[in-house]
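Taken from TrEMBL, the feature active site, nucleophile covers D11. TrEMBL lists D13 with the feature active site, proton donor. Sequence annotations record features per position, and here TrEMBL assigns Mg(2+) binding site to D11, D13, D128. If you look up TrEMBL, you'll see T54, K103 marked as site 'Stabilizes the phosphoryl group'. Residues or ranges marked as site 'Contributes to substrate recognition' in TrEMBL: R102.
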Amino acid sequence: MTKAVKCVFLDRDGVLNEELGYQVSHFDEFKIRDEVPKALQQFKSAGYLLVVITNQSGIAKGTYNEGFVRKCHEAIQAACDYVIDDLYFAPGYDKISKTLSRKPRGLMFEKAIAKHGIDTSKSWMIGDRESDMIPSKKLGINTVHLTEGEKSEFADYKVHSLLEAAQLIINAG
């Protein structure tokens, strides 16, 4: 019998890196939040798989390219000792190109769940937008909203930092 995999899904912008109010298109503007390495290490120590799920509409809009997104993801991985197990990003933007991957649709989540054998009832999503909460709730994933972002009616819990989210999730088991 295989062990159920518990996972913490993470949005990127506004959770792992600073949300600047506009789409960052220059690498020198991409700032990883100070608390991120410590929080992600806490999740790993507690046995969680870590998966980033992020919309990156700047690709469809021509603001930046896929290489820029990958460079940002590599910077996060390097800063966190490569503890992130998988990264998914949706390059589309509905006004330009319809995509099933883009949140609030759940395809990125569904791919990760199937690939890694994730037990959604033992898993969590941490995000700063309603679009992070909606697909998670539909899939039976517990939700944690970072309250610096927009308000969410779909969040199970609200916190002010990723470290606070880590303590909440780890204490919940």
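Every residue gets a Cβ built from N, Cα and C, even glycine.
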Candidate nearest K103 (site 'Stabilizes the phosphoryl group') in space, where candidates are the recorded positions D11, D13, D128 and distance is Cα-Cα: D11
Of D11, D13, T54, R102, i.e. the recorded positions, those within 10 Å of D128 (Mg(2+) binding site) when Cα atoms are compared: D11, D13
Candidate with the highest Cβ count within 10 Å, taken from the recorded positions D11, D13, D128: D11
Intrachain C-beta neighbours of T54 (site 'Stabilizes the phosphoryl group'), sequence separation six or more, cut-off 8 angstroms: D11, R12, D13, L87, Y88, F89, A90
CB contacts for K103 (site 'Stabilizes the phosphoryl group') [other CB atoms within 10 A, all chains]: 23
Protein Cβ atoms within 10 Å of R102 (site 'Contributes to substrate recognition'), excluding its own: 22
For T54 (site 'Stabilizes the phosphoryl group'), the three-state class that DSSP assigns: strand
